[in-house]
Amino acid sequence: MMWLIYICLAVAAPDLLDPKSAAHNSKPRLSFSAKPVVLNTPEDECDTRTTVMRWKTVSAIFFLVVLYLIIGATVFKALEQPHESSQKLAILVEKLDFLAMHSCVNSSELEDLVKQVVSAVRAGVNPSGNSSNQTSLWDLSSSFFFAGTVITTIGFGNISPHTEGGRIFCIIYALLGIPLFGFLLAGVGDQLGTIFGKGIARVEKMIVKWQVSQTKIRVISTLLFILFGCLIFVALPAVIFKHIEGWSTLESIYFVVITLTTIGFGDFVAGEKGGTEGLEYLDYYKPVVWFWILVGLAYFAAVLSMIGDWFRVISKKTKEEVGEFRAHAAEWTANVSAEFKETRRRLSVDIYDKFQRAASMKRKLSSELGVNASMNQEMTPGKRTLSANLCENRDSYPNLTLSLSPVSGALTRNGSLYLNGLSPDYADRREIAIIENLK
Amino acid sequence: MHSAGRSWLLLTGFVLFYVIYLLFGALVFSSIERPVEDKLRHDMETLKQEFLNLSCVNPASLERFLVQVLAANKYGVSVLRNSSATSNWDLASSMFFANTLVTTVGYGHTTPLSDTGKAFSIVYALLGVPFTMLVLTACVQRLMYPLVLAPVGLLQRSGMEPRSATAVHFLLLLLMVVLCFLLAPAAIFSLLEVSWSFLDGVYFCFISLCTIGLGDFVPGTQPGQQYRPLYQVSVMVYLFVGLMMMFLLLHTFHKMADLHGLTTFLQLPHCEETDEDREPIVDNKLEEESSYPSDKAASKPLEPGSQPSYNTINKG
């Protein structure tokens, strides 16, 4: 079945796999999503990001499958084990009764017989009943049926080849037959889809008059597809099997589902009770069953691939949403960091300005102070005479800020007093005052 | 329309060929197996007669007993002495069963007995099969790059032309898969299982990996099996990985057929590329396409309605 679904997917989901063709489809596909445009997720993101996501998706799905298996295992165990124990008990009781009733048989002889009988039954030979009116399991029609089960990969297993030659032939036969059947199935499914699509188009024309939205139409058409298909391929055959084979309702539905998903356990097989219980089948029963399997398989493949589509769309949507969320988060982060940078910049400019001002003021102060300091420290002869003269008058002139440091060179050179940070006017005034004093 | 008429013709051709193939298979199986079956039936008759002669059992009660034993055996409940300890529904076996259900192999050596079990199997299968299919396709897509596209690119860079490169690579991949997933496990199974020959092992591996699952050979069901849970879990893992490799092989073959123009010739579905498969092989495919203008023009996936595909569902 996996092969068949693969082929059907390759046929049925090109617009999922290839966004370009989705854009060219006039109507959206028979699927959950009404907007195929949704599927055109622009995969322009850098490669590393998509590959990272895909690994994560795959491993997430893988863990989900394992979890699903474990859940199934526990449920099956809970449901079946009690039943199995009671069956074991019953058959053991039978055996003991039998041995007790027939005292000439000992346990080991009986076990031998049972072993041989069981292996014979596995080979398809039923030792119970007369051998005269038993039909062979390998007459032409049954062999045809067996070949069919091999090719469709259902593989009931109530008949299986026991000779080496038969097994080798079975392998080669399956190798060639399964792809052949796969292509056939794709073709039949396509025709089925066309027929259904025409019907849906007509129904849609009617519904459009009621002005229902596109999404609803899609959903309705999908539901109709599933409903009609179930009716024709599941419910009807189940009723037929129930009457002809004598199974219960649940057993018939169970047989239909197990067969059409190609699982094919083989505990219930249509048309195989003829030999043992004398049921007479009409001649065309088996070919009809085979034909039903073919068309029903196409229907099931369509349904299962549709379910797979939904999973894919949901996962793409989730990926989209996650992608959107990521984009939003990235945007937000970018904004915040930009703001932060801006604030930092402003702050730093502020601080720098203030720092500059403070530095300049400090320089002013230091330059003023520096005059006093240098007067006491660096005494050149000229300076000494001047300072000596000035020192006499120091008390009376405490706010002398004339700096007689090397800047005094500038005095003579420039002809004007330009002290650090001091405005020239100030310097001039001072200069005038000093010169007046000196005089 | 020419293409529609051609597709109908091809479809009927396929159906006819399929029916002939089935008939041929039926004839061969019948001629091989029927004599063996007759002999076995004869043996059983003599066995029954001997048993009845030696003992005081009358045929009727033996029949009744046998019918009950066989009915129980059909569900995997055995009446033999040393099988009372192991259950068919402990956790590992149930998981094995769930796995056969979900991969659609369906051996049938154990089947649900209770009605609730049957109903649950139906629901479980309907959900689990597409799920597994999704997982397998996702895994195969991931594996495509390292196992297919990279080696083919390597071959192409070393001077081979694209078509022969893909063919050579496909053959190598086929050989590797057959060796690792058919022959080696078969040898291991023939060692671990008492009554299996090497051919039985190959037969089992093939039947399981194709998901046919006849159920005549199932590993781990012998009564005296040691480490049964571990054994069954490892068989499950082998099945899953083997299925993945088969899928990969099929995908590679499909691509190769595309490249060689087989799919167009037979009007079969093309191997559609996903975004992440945009690797050199696709570019070369486009180059190749230019050499088949008439065919390719009719089969470009961008033109709806020209190809028989599920897209026709929408067109009505």
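Cβ from N, Cα, C; glycine included.
For the ranges A:91-108, A:253-270, the feature annotated in TrEMBL as transmembrane segment maps to A:253-270.
The average per-residue pLDDT of the prediction over the domain 'Potassium channel' (A:135-191) is 79, rounded to a whole number. Sequence-distant neighbours of the transmembrane segment (A:253-270) (same chain, 6+ residues past either end, Cβ-Cβ under 8 Å): 1, 4, 149, 152-158, 233-234, 237-238, 241, 244-245, 247, 289, 293, 296-297, 299-300, 304.
Per DSSP, the secondary structure of the domain 'Potassium channel' (A:135-191) breaks down as 40 helix, 0 strand, 17 coil.
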